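Okay, so here's the structure we're looking at.
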Amino acid sequence: MTVSFRPTADLVDDIGPDVRSCDLQFRQLGGRTEFAGPISTVRCFQDNALLKSVLSEPGGGGVLVVDGGGSLHTALVGDVIAELARANGWAGLIVNGAVRDSAALRGMDIGVKALGTNPRKSTKTGAGERDVDITLGGVTFTPGDIAYSDDDGIVVVAAGD
């Protein structure tokens, strides 16, 4: 499903006080600073095997929201996984945790937002959950809803709105 990008500030103006605007302050780390698409989710803690498996599938222009528990101890995404996501048609990644290879990520045509960076690799046991509601910064990211992301922040709109 292709979603036309709209600036988050315009969405806030149009939707009004009930807007689902994420309060968490993510760093813009990917080469694409504006992205939008249907949400898929992964919840994993310091383990990126499930995340890599999901990004190995066709993304269809989607946005993968990753709840890493806010951990900055290990990176959940690096250049190899980000390139896998880009090659499989994902529009962007929103990571409640750390990423690595930030210089390489800036040169890739994919959106990547994360709390920060850490060069340490994560474990690879496959622990985690997929396609579950994830609440970050006062907003629930529900699979199938639409995420819009730019330099101003992240807004979530219910599918069909």
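Note that Cβ sites are derived from N, Cα and C of the backbone, with glycine treated the same way.
Values in this document were obtained by computation on a predicted structure and should not be read as measured data.
Features of the protein shown, as given by Swiss-Prot:
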BINDING   G78, D79, V80, I81, R100  substrate binding site
BINDING   D101  divalent metal cation binding site
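Overlay of Swiss-Prot annotations on the structure.
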{"residue": "G78", "record": "substrate binding site", "Cβ contacts under 8 Å, 6 or more apart": "V99, R100, D101, A104, K121"}
{"residue": "D79", "record": "substrate binding site", "Cβ contacts under 8 Å, 6 or more apart": "R100, D101, A104, L105, M108"}
{"residue": "V80", "record": "substrate binding site", "Cβ contacts under 8 Å, 6 or more apart": "none"}
{"residue": "I81", "record": "substrate binding site", "Cβ contacts under 8 Å, 6 or more apart": "N48, L51, K52, L55"}
Other same-chain residues whose Cβ falls within 8 Å of the Cβ centroid of G78, D79, V80, I81, R100, the recorded substrate site, in sequence order: A75, V77, A82, E83, V99, D101, A104, L105
Largest separation between Cα atoms (Å) of residues that the record links to substrate, namely G78, D79, V80, I81, R100: 10
Neighbouring C-beta atoms (10 Å sphere around the C-beta of R100 (substrate binding site)): 24
